[in-house]
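Swiss-Prot annotations:
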TRANSMEM  3-23  transmembrane segment
TRANSMEM  39-59  transmembrane segment
TRANSMEM  61-81  transmembrane segment
TRANSMEM  119-139  transmembrane segment
TRANSMEM  154-174  transmembrane segment
TRANSMEM  180-200  transmembrane segment
TRANSMEM  201-221  transmembrane segment
TRANSMEM  222-242  transmembrane segment
TRANSMEM  340-360  transmembrane segment
TRANSMEM  377-397  transmembrane segment
TRANSMEM  409-429  transmembrane segment
Amino acid sequence: MTLGQFGGLFCIYLIAVIFILTLTYQEFRRVKFNFNVLFSMLYLLTFYFGFPLTCMLVFQFGVAVVPVEYLLYAMLSATAFYGIYYVTYKTRLRQPRSQPRTPIFTMNRVETNLTWVLLALVAVGTVGIFFMQNGFLLFKLDSYSKIFSSDVSGVALKRFFYFFIPAMLVVYFLKQDRRAWFFFLASTVAFGILTYVIVGGTRANIIIAFSLFLFIGIVRGWITLWMLAAAGVFGIVGMFWLALKRYGLDVNGAEAFYTFLYLTRDTFSPWENLGLLLQNYDKIDFQGLAPIVRDFYVFIPSALWPERPDLVLNTANYFTWDVLDNHSGLAISPTLIGSLVVMGGVLFIPLGAIVVGLIIKWFDWLYEQGKAESNRYKAAILQSFCFGAVFNIIVLAREGLDSFVSRVVFFCVIFGACLVLAKLLYWLFDTAGLIKRQGIKSNRLSTPNAGNQL
């Protein structure tokens, strides 16, 4: 990359960042937090945060990067995608209802407490089973990629660990004070550190717990933008330190700065992967919607499907194995736009932007229903579900649409199963005479707002 090429890229970069930041800041001033603001921040992080890091790697350390024209295509496609997404998100599809909706379900105190207990048991129970099978992998494995090898059993259990976070979200939303806020941070980060040590370097639970703590603080007005920026810097440094421990790296001086740049870029902003994918566009055999279906394979037990493929060919694995011919053991993220390109080429980019706009619009509708709900137990469940889905939104921006669909369906199934089981247990306890009727009557006095019922 020459200085002239850098100047041209920087102009496009500046226009794109100002465009997205302006729209995001206007939305932030209007509502403080919603899923459009969240997705926009994640989108900026994924596709634009890495550009300065890439430039420092190129000019400070002489690192070879994707040809500039493909980086330009990546930046332009990301900007066009966001424009189409934003128009879709802001388009009103129907007029507001004048008639009240019939509520799909209601909640009381016992059912709500049973729900978060069941969610926590799912997480703690699967962590315990994984630990009994593998021990502390952080101290046993000499390479992070071996987490996905046949030496590690029960890998599918890792998907259940995350449900500790929505469990603690229910606890927070029942109280919604500073004490509950800090309890959420302490409990979820402690659980995240435990899973980091047991699994051998998976940082997702720690990142999500800290991010949700900040988002809640923004919503409640307990955190300012300056505090958020400082927390972001702390989070980046913390994730870098955890990455060093995960990969067993011992660096200092210029090497430490170089390692910080490329690990931070790869962790938070794999935007160069999109340029790399576009560079190899002629090698892609468009997969259609098959990667979405294939990503569900991991949820099917081998006992039910003995011929189930051990390796799932989703868009990330297709990009890594078939396009790049990379078989190092770790999948290279194609990003949201890259996953659309793998599925249907550049024509899928505007279609994907429309789909994503509708997805974020639905999450915001559900979140608003939760905030407006007068039954505080039902409100806690709805808001916990929405905030608990933040991890899926991160997966959407960073990993792709296929990974998002499988994970959000899995999240809905497990969350819904715990909710239904909680109601069933409540019915059994009530039938057995274990429920105090006075408490039930007082809870039923809190009826949902007729204009905001689900």
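Each Cβ is built from the backbone N, Cα and C atoms, and glycine gets one as well.
Here the transmembrane segment (377-397) sits apart from the transmembrane segment (180-200); fewer than 3 CB pairs are under 8 Å, leaving out pairs fewer than 6 apart in sequence. Tertiary neighbourhood of the transmembrane segment (39-59): same-chain residues 1, 6, 9, 13, 16-17, 20-21, 23-24, 27, 65, 71, 74-75, 78, 82, 258, 261-262, 264-265, 268-272, 274, 335-337, 356, 360, 393-394, 396-398, selected by CB-CB distance under 8 Å and a gap of 6+ residues from either end. With pairs at least 6 apart in sequence, the transmembrane segment (119-139) and the transmembrane segment (180-200) have 3 or more Cβ pairs within the 8 Å limit; the two touch.
Here the transmembrane segment (154-174) has long-range neighbours at 112, 115-117, 119-120, 122-127, 129-130, 133-134, 147-148, 180-181, 183-184, 187-188, 191, 195, 199, 202, 204-205, 208-209, 212, 216, 298-299, 376-377, 379-381, 383-385, 387-388, 391, 407, 410-411, 414-415, 418, meaning same-chain residues at least 6 beyond its ends whose C-beta is under 8 angstroms from one of its own. In this chain, the transmembrane segment (119-139) touches the transmembrane segment (409-429); three or more CB pairs sit within less than 8 A of each other, excluding pairs fewer than 6 residues apart. Distant neighbours of the transmembrane segment (340-360): 35-36, 39, 77, 80-89, 91, 274, 277-278, 281, 284, 286-289, 291-292, 315, 318-319, 323, 334, 393, 396, 400-402; these residues of the same chain sit at least 6 beyond its ends, with a Cβ under 8 Å from one of its Cβ atoms.
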